[in-house]
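Okay, structure first, notes after.
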Amino acid sequence: MSYSAKIGPSILSSDLSQLGNECKRMMECGADYLHLDVMDGHFVPNITFGHPMVECLRNTLGPDPFFDMHMMVSRPEQWVKPMAAAGANQYTFHLEATSNPGNLIKEIRESGMKAGLAIKPGTTVEELAPWAGQIDMALVMTVEPGFGGQKFMEDMMPKAGANMIVSGSAVVSSDDPRSVIALLKNVVIEAIQKRSLDR
Ligand SMILES: O=C(CO)[C@H](O)[C@H](O)COP(=O)(O)O
């Protein structure tokens, strides 16, 4: 049986004045997709960028890179259509930010994107579980959302096995991002393999 894992560098800790080049660099170093952190200053105490930047990135990078939009925003409903029009592939919203996740998932799909559902460290997997059958990806956060480069919260590990890994500062700040991405991928594939053999 073959096992696979996807690594999506978060560009949050990169030189944001060079975002297009940084995204290109990550793809050339073996990234499977790009994790683009959108913050609105309300859901988290930080601001990054919105759909106009995503549109510029899509125009610069072409149709291939998969953009997973990590929407750390307080009203995720309002950006679904603009993000789809800008060229986003997946819209990952926070369970804590909406009172109607089912409707939002439907809107995301109708806009032609995949749906991702993220939970903060304080939210349980049981709270996410009712939506698991309707989403393309669950994002279990291992830091409080808002900033890159924080200490990894090891106590989040029992929450889920993972086959998609987001890593920011460890990849973008490395002298050798290609090796870091390859290492992450190998470690995750080995862990998935071991887990499946242990069952
Ligand atoms: O979602 C995020 C912060 O809210 C970042 O994408 C995530 O924390 C990855 O960055 P790093 O590996 O530097 O922690």
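Yeah, the Cβs are placed from backbone N, Cα and C, and that goes for glycine too.
Between the candidates HIS70, HIS94, TrEMBL assigns the divalent metal cation site shared with HIS35, ASP37 to HIS70.
Going by what TrEMBL states, the substrate site holds HIS70, GLY146, PHE147, GLY148, GLY149, and the candidate of SER4, SER10, SER17 recorded there is SER10. In sequence order, LEU12, ASN46 make up the list of same-chain residues 6 or more apart from PHE147 (substrate binding site) whose Cβ falls under 8 Å from its Cβ.
Excluding the listed site residues SER10, HIS70, GLY146, PHE147, GLY148, GLY149, the same chain places LEU12, SER13, ASP37, ASN46, VAL143, PRO145, GLN150, GLY168, SER169 with Cβ atoms within 8 Å of the centre of the substrate site Cβ atoms.
For the pair SER10 (substrate binding site) and HIS35 (divalent metal cation binding site), the C-alpha distance works out to 5 angstrom.
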